[in-house]
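Everything on this sheet refers to the single structure shown next.
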């Protein structure tokens, strides 16, 4: 049964963690895509920026969390979300709005967002250095070990404190977004604009407000995703190019412009990554005796090595573009 | 033919179609300024350093020409120039490095070839399985068979390959090269880059233009990851050097002269590419490409095969990038997969193209040389400014500066490149030397 615990730790839990992070990132990308019709390449750096804000605030006031009993970084998260949302609106005003006003093609907006990516990256690295840093400045990372309820199960299921927060916050964020999009006036206006911008404008929806709201949501979600990722591992300023591909793959798998699809896509990509790097030999080894003589399993039965993890989202992306370019849930924009 | 003057509308006389030749003032001023900048670098930094800078700038000019036909001629955005450059560099390394007898003398090449044959056989089997429905197998069953077969065969081949490669690594170090002249590697590098470009373009070019950017960004990181981790093929992080030059090396002629000869080789290559591109641009083919860029719907209505033309031009651009990458790799005389950075090999090239003038070959070459000079000179400048800031901070506020200020100063250049991209897009979207649009009346 140790193998089962190993499988749960390395696939179920790890897959849910990466899946949640990709899902939150992909929601932001897909919302921007559906309102402004371009692939926002600076999203991963907005995630890094949010995490960096949390790091700065946590370093500045390291003792706040201990008084309540939660990590300081989590208390600083709402503040960081606000700052990242402000940054997103500011970037839009300074860089994207003039381009939109010129009526450029979407691909020029993409290049513009790549310029913004580099600027954010430069700024973050200028202030944080290039090394990794833990967001747990004064707190201690709790690790829970749950024993499996079977005979002879010695290896426990391991789950850490930030992972539990990650699942809770992801759930809250998704439910809040669902309520916002379906119940509130602004959310309905957003969906109207994503369906047909001209018609939305003609029916009296203020498109500038919608654009600003989209950036606020995208910025806030990016800050959540970046912070939770950095809590789980460490804060690194140069993650962005490795995050971009899985996040875009998730958004496209789910169908571009489709927030619920993005969630599904995030988990598809996350689980595909962990399943691909998982060494299947671990699960098959207990049955070694029942295999025929000629079949000896090699010790490494992973599909790809961990160093080639980035191949997985790319493969998914290519596969979906070849067989179903609209995505699993029929995205609106193609 | 009796009344030709009546049948022709005077508003459409073809004389308007012939371009009025204007004095190329802008070109002259810009290239004059560039010449002065180059001379200034020569005076400041010495001949050997400056010639090296010029050779690198020339290699970047080839990359920029590749990007300008993708972005300028056809409006396709390639965000993964780095990957194609790395492929070119890899081929230049593989073909020019001396033969490794520790590998070829053993039975290892045979085993490697056997695994490759298994791989080809497995691919054929899977492709065959996808055609099973023609034999009357239900489509769903066919898909299941094909997927299961693909997974099992993939696992078999990959574990065989892992065995062989780890043996190569432990017994021979790495595969070694073919000991051929470097230009063979450049050509193969171009072809390989073109092949990868064909694959990506085939998947993405019929869809939204954003998807191409995403996919190229991904393939670049994958190529880099592959080259970095395949120690049996590239020695990975251990790097391969020296790579032989096609021209006499610095050991025989000294740095300045040997680099000058290499520079003339690159200059000849650029001249040939420039001439061919110039002809292609003004040929009916070039006109068709621009028509597709400017108005897809109307050119499709004219019966042009849009996706095919797009694929053509994308592959052509990738070939140039592979070629330029090979020349750059050979010149550096070092193959280091970790040295390929998105900033240095993708975004720098992008800035060269959009600043110089997308779609204008002369502007692109100007942009490549000018931006490269600024880029190289900005390194000492950034370090100097950072030291100044640290000294000021320590003196005035008693600020205790972190120790890694030098690496942070270099990060400031990332910021500058990003700002340049956004500013150029905003204020000079056509670049310093805009593409000349012929007006027909």
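Just so it is clear, glycine is given a Cβ too, placed from its N, Cα and C backbone atoms.
Feature transmembrane segment, per TrEMBL, maps to range B:28-48 of the set B:7-27, B:28-48.
Contact between the transmembrane segment (B:260-281) and the transmembrane segment (B:28-48) is absent: fewer than three CB pairs lie under 8 Å, with pairs separated by 6 or more positions in sequence.
Of the two recorded stretches, the transmembrane segment (B:211-227) does not lie close to the transmembrane segment (B:54-74), with fewer than three CB pairs under 8 Å once pairs fewer than 6 apart in sequence are set aside. Residues 83-84, 87-96, 211-212, 215-216, 219, 223, 246, 310-311, 314-323, 325-327, 330 of the same chain sit 6 or more residues outside the transmembrane segment (B:183-204) yet have a Cβ under 8 Å from a Cβ within it.
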